[in-house]
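Everything on this sheet refers to the single structure shown next.
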Amino acid sequence: MASLPHCLSARPLVVAAAPGRPGPGPGPWLRGGARRRNAAFSAGNAGRRVGLRRSVASAVEVGVGEDEEEGVEEEEEEVEAVVMPERYALGGACRVLAGMPAPLGATALDGGVNFAVYSAGASAASLCLFTPDDLEADEVTEEVPLDPLFNRTGNVWHVFIEGELHNMLYGYRFDGMFAPHCGQYFDVSNVVVDPYAKAVISRGEYGVPGPGGDCWPQMAGMIPLPYSTFDWQGDLPLRYPQKDLVIYEMHLRGFTKHSSSNVEHPGTYIGAISKLDYLKELGVNCVELMPCHEFNELEYFSCSSKMNFWGYSTINFFSPMIRYSSGGIRNCGRDAINEFKTFVREAHKRGIEVIMDVVFNHTAEGNEKGPILSFRGIDNSTYYMLAPKGEFYNYSGCGNTFNCNHPVVREFIVDCLRYWVTEMHVDGFRFDLASIMTRGCSLWDPVNVYGSPVEGDMTTTGTPLATPPLIDMISNDPILGDVKLIAEAWDAGGLYQVGQFPHWKIWSEWNGKYRDIVRQFIKGTDGFAGGFAECLCGSPHLYQAGGRKPWHSINFVCAHDGFTLADLVTYNKKYNSSNGEDNRDGENHNLSWNCGEEGEFAGLSVKRLRKRQMRNFFVSLMVSQGVPMFYMGDEYGHTKGGNNNTYCHDHYVNYFRWDKKEESSDLQRFCSLMTKFRKQCESLGLADFPTAQRLHWHGHQPGKPDWSETSRFVAFSTKDETKGEIYVAFNASHLPAVVGLPERPGYRWEPLVDTGKPAPYDFLTDDLPDRAHAVHLFSHFLNSNLYPMLSYSSIILELQPDD
C-alpha cells in the first residue's frame, strides 16, 4: 500500500487550487475563474456544489506563496470546491483533488484512489463511478468532470478521489471530434473502459446476455484496494531452461467444461486446477493458455448464434477473463483475479509453468462499424494503425490493427506484460500474429503516414522494421528479459517471418515450417527427407545463422488453428459448414492424409494406420531438438469432425472429452511415456545444435543416409549421457523395410518403441509383464543387427550391454 503523495495531502479540499502546478499567481484562482473548475458533477447526477468562504490566508494553505499575497486584498471570496455526496454507495463523503499523471490506471493510495488516463485528442473528460447495481441498470452513479487546466498534465487526464471507494467501479467519458475520416471517434455519450483497468465488469454468467438481451452491456473497471489479500504461499518462478519444456496448448474453459470432467466448477480457473495432476502425469511442465484476457464471448451473438469461444478478440489486456471465474463478477472482479493467481500458484506447485497467449495485434472494437468500448473512444488515432482518410489497416484480418510501435502503445504493452509477470506470476507469453508488432506505426502525421524519407528509404505505415521499437523495448526490459517470449511469426497481411523474426537472441518462434515439413514427410510425400532431418536437428537452417539455438524453435504438428492430430489423419479436406460461412473459412492447405478413406467411419486397416500415424507424429515431436508443443486432447485423439476453425463453438467439439480419454487410454499412455522418455534423454534437449561427433545419419543400411528426392526413410543414432546411445528411424513409405543397425561390439540393440506394434507393445516399459517375451520375438533379427519395420512406422532402440 502506497502513501498519499505530498502533492495530494497538502491540498485537502479546494479543487480550484491546482496541486502540483508551479507558481501561478492568485488572480486566476480567486477572481472568478475558480467557479468553473470542477465545480459540480454533470447534470442528472447527484453531485452538489459546496460554497466555501476563505481568506487569502487560506489560499496560502493550498499553494499560494507569501510573495504572491502582496497586493491581494484581505477580503473573503467564495470559491467553489467539490465534495461528493454522502451516499451509501460511496461509504461517506469523498473529496476531489487534482491527482497525478502517473502511474496510469487506477491506483489505490492512503486515503483514496488516483485515476490517470492517456488521451491526446480529447477536449474534455470526466470520471464516471458506478455501483455494481447501477452498472447493471446502465446508470452512472457519480460523474466527475476533469478540468483541463487542473486535471491534465501533457496528454494525461488525472484526478484523485479522497475517501472510501470500496466496491465501486469506474470508466471515463471523453468529448472531442467525432470524425471517422480524420481518425477520431470521441463520443461523450459512451462510457469507455480504462485500458489499465485490472478487472472489467459487465455480464456475470458466461454466454448469457445482459439485461434486455444486450450482448454488449455497459462495462466498467474495478477500483483497486490499497492492499492484497491473496496468499502466494511463497510462490516463485520455476525458471526452467527453455530446452527442457514440454508445452501443452490448452483452452481454459474447454479443458473442464465437459460434464465428464466431474469437477465442481467446470470451465473455470478453479475447475482447471482440479486437473493439473493429470497434466503432470502426462509429462507436461508448461501450459500455454489460449486467451484469458477479458473478451466478449457473445461478440458475434447478436447477428448469429456463434460464440467467440477461443477469445482472440481482447477488450482489456490487464483483466483476466471474468467469466472463467467461479465467482464471476462477485466482489467487483477481485475473485476472478485471485482465482487466476490460484491457478498459477497451484500449477507452479506441480512443476508446471504458465505461458499466456496474448493478442496485441488487434482488439474487439473491430473496424469503423465496430463498438466503441475503450481504446477507440479514448484516442483512436493513437491506439490503431490508420490510413490517411481514417481507414483501419487490417493486418490482423479482424478489422483493425493495434498500433504497437507507437510510443504510447508500446509503453502500454510493456506495462501490461510487466503486470502479468510481477502481479500474476506468469512465466511467459506467446504473442499471437506477432509480426504485426514489427510493423511501423502510424502517428497520424501526414508526412509519416504517406512516407517520410529515412536514410534515403521510404518508411510507411505498416512497413516491417528491422529493429522494431516494441520488440527492442520488451527484449531489453529488466523485468521481461527473464521470461519466455514466443512469437507467432506471421500475420494476416502476408508477412511471414519464421526464422527471421527480430529476436535479440531471446525470442522463440512457433515453427510453422516444422509443422509443414513433418506433415509432408510422415504422410509419405517425396522430397522431404532432408527437410525432415533438419527439423529433427532443431531447424538449424532457420536459427543457427542468426545466433539462436534449437530451443528457439517451438515445434508443433497441430495447434488450436487447423486440424487436430486425429483429424489430420482422418480428413483430406475441411468440414467447416457449421461455422456458418459456407465452408469458406479456415485453412485449405492442411497437408493432411485420411489414410485411404475419408471420415471417421472407415475400415479396420485404415483405422490401424491412423493410429500408427498419430504415434509417428508424436514420436517425431518428442525426438526433435527444440521445444515440443502439442494441443489439448491430441494425446487421446480428440476429433472436431474435420472442422479446422472451431473458434465459434462452445460445446463438445471444443471440450476436452474426459470420457474419450478413458476410451483411448492406449494413445494417452503412449504419449505420456514419450514425453517422459524425452526428459530422460539428455541428447533430445540439447542446448546447441547436434554435431557430427554426436549424431550419425543412417539409411536402410547404417551410415548410408538417403537424401534423394524419392527417399521416405530417415534414421539417426545419437550418444546420450543417460541412455548411452539410442537409434531412431522413420519409415514413411507404403512398403515395409528391414533396417540394418549400426554395429556396436559388446552391445546389442533392444527395442523400446515401435509404432507398428499394438498397445501396449508400442512402448515396452520395464514393468510390462511379458516384456522379455516381446523382446525375444525380435532376437533373431537383432542378433544380426537388423530390425523389421512396417510401412508408415517409427522405432526407437536403446543400446544395451551384451549379456
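Cβ from N, Cα, C; glycine included.
The following features are taken from Swiss-Prot:
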type: TRANSIT; residues: 1-54; note: transit peptide
type: ACT_SITE; residues: Asp432; note: active site, nucleophile
type: ACT_SITE; residues: Glu488; note: active site, proton donor
type: SITE; residues: Asp561; note: site 'Transition state stabilizer'
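Location within the structure of each feature annotated in Swiss-Prot.
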residue	record	DSSP class
Asp432	active site, nucleophile	coil
Glu488	active site, proton donor	coil
Asp561	site 'Transition state stabilizer'	coil
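Cβ neighbours within 10 Å of Asp432 (active site, nucleophile), excluding its own Cβ and spanning all shown chains: 22. For Glu488 (active site, proton donor), the same-chain residues 6+ apart in sequence whose C-beta sits under 8 angstroms from its C-beta are Arg430, Phe431, Asp432, Leu433, Ala434, Ser435, Glu509, Trp510. Long-range Cβ contacts of Asp561 (site 'Transition state stabilizer') within its own chain (separation 6+, distance under 8 Å): Glu587, Asn644, Asn645.
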